[in-house]
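Annotation comment: Swiss-Prot describes His115 as active site, proton donor, evidence class sequence analysis. The active site, proton acceptor feature in Swiss-Prot is assigned to His179.
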Amino acid sequence: MHAYLHCLSHSPLVGYVDPAQEVLDEVNGVIASARERIAAFSPELVVLFAPDHYNGFFYDVMPPFCLGVGATAIGDFGSAAGELPVPVELAEACAHAVMKSGIDLAVSYCMQVDHGFAQPLEFLLGGLYKVPVLPVFINGVATPLPGFQRTRMLGEAIGRFTSTLNKRVLFLGSGGLSHQPPVPELAKADAHMRDRLLGSGKDLPASERELRQQRVISAAEKFVEDQRTLHPLNPIWDNQFMTLLEQGRIQELDAVSNEELSAIAGKSTHEIKTWVAAFAAISTFGNWRSEGRYYRPIPEWIAGFGSLSARTEN
């Protein structure tokens with residue numbers, strides 16, 4: 001069967017700290033074009049690789065990877081909220097297949113997800129509920145982090161499973177590219193934040209969640225004025241990364257350590273492993289070609305903003 005892929009940066013700052021209208025129109029046009037291509041493909045199943053930002057996963061249990069057999073979006077930063085349409089039996093079968101392939105994939109029957117999962121479903125499919133989805137969490141912020149090699153192997157395992165389903169499968173990768181927004185770190189946290197990172201942050205009071213979101217908005221506003229206030233975006237790295245993906249050379253990323261990636265492009269750049277997993281997955285379907293490449297550094301969203309599609313040729 002055929003597969004389609006789309007990888008897209010996300011940002012909670014969309015609608016809160018936006019770039020100039022010209023840039024916003026350009027990005028919206030890119031997303032609209034991707035949405036049209038996906039609609040023409042008419043997927044029967046979505047596999048969504050996405051990270052979390054201490055909204056669903058915490059240090060009480062922090063797996064490198066987790067498949068949501070059931071999942072609910074919390075609606076942070078005004079993103080869509082509600083249950084994701086996960087086909088339970090298919091998700092269970094996927095988990096068993098991935099485990100048999102040698103990848104230790106955690107499962108959750110009540111996975112809580114944030115804008116990292118919700119935005120691509122909203123932007124590219126028109127909502128959370130349009131197509132059955134297998135949501136796959138890839139840890140991108142909480143050390144210790146999975147590396148490129150293991151993430152690639154996860155994508156390959158999921159790709160091999162879905163290639164047997166006789167369905168039109170859409171692989172989505174959500175996150176990146178270079179960026180380092182103000183995300184708390186356990187090693188530097190005070191007692192209150194440590195408690196939140198250990199699990200109490202899963203049910204934040206509305207007032208505290210609003211303060212947290214306002215801190216991110218304020219950081220973006222300062223970053224627009226002075227890009228020395230956060231780790232700088234790295235367009236050179238971002239474009240080199242996208243070229244590796246387009247050329248099917250993702251295995252070369254195995255040699256890039258987590259520490260090196262953080263230093264080059266920022267500590268939240270590890271979200272790009274969702275893109276690696278998606279490209280690894282589609283590679284198991286046979287020959288493919290990329291299309292729709294777009295990139296622009298957008299300080300207002302604290303992100304090197306990228307968009308890239310691929311389709312199988314068989």
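Along the chain as shown, residues are numbered 1 onward.
Including glycine, each Cβ sits where the backbone N, Cα and C put it.
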What is the separation, in Å, between the Cα atoms of the residue listed as 'active site, proton acceptor' and the residue listed as 'active site, proton donor'?
16
Long-range neighbours only, meaning 6 or more apart in sequence with Cβ under 8 Å: which ones does the residue listed as 'active site, proton donor' have?
His10, Pro12, His53, Asp76, Phe77, Ser79
When DSSP is mapped onto helix/strand/coil, what comes out for the residue listed as 'active site, proton acceptor'?
coil
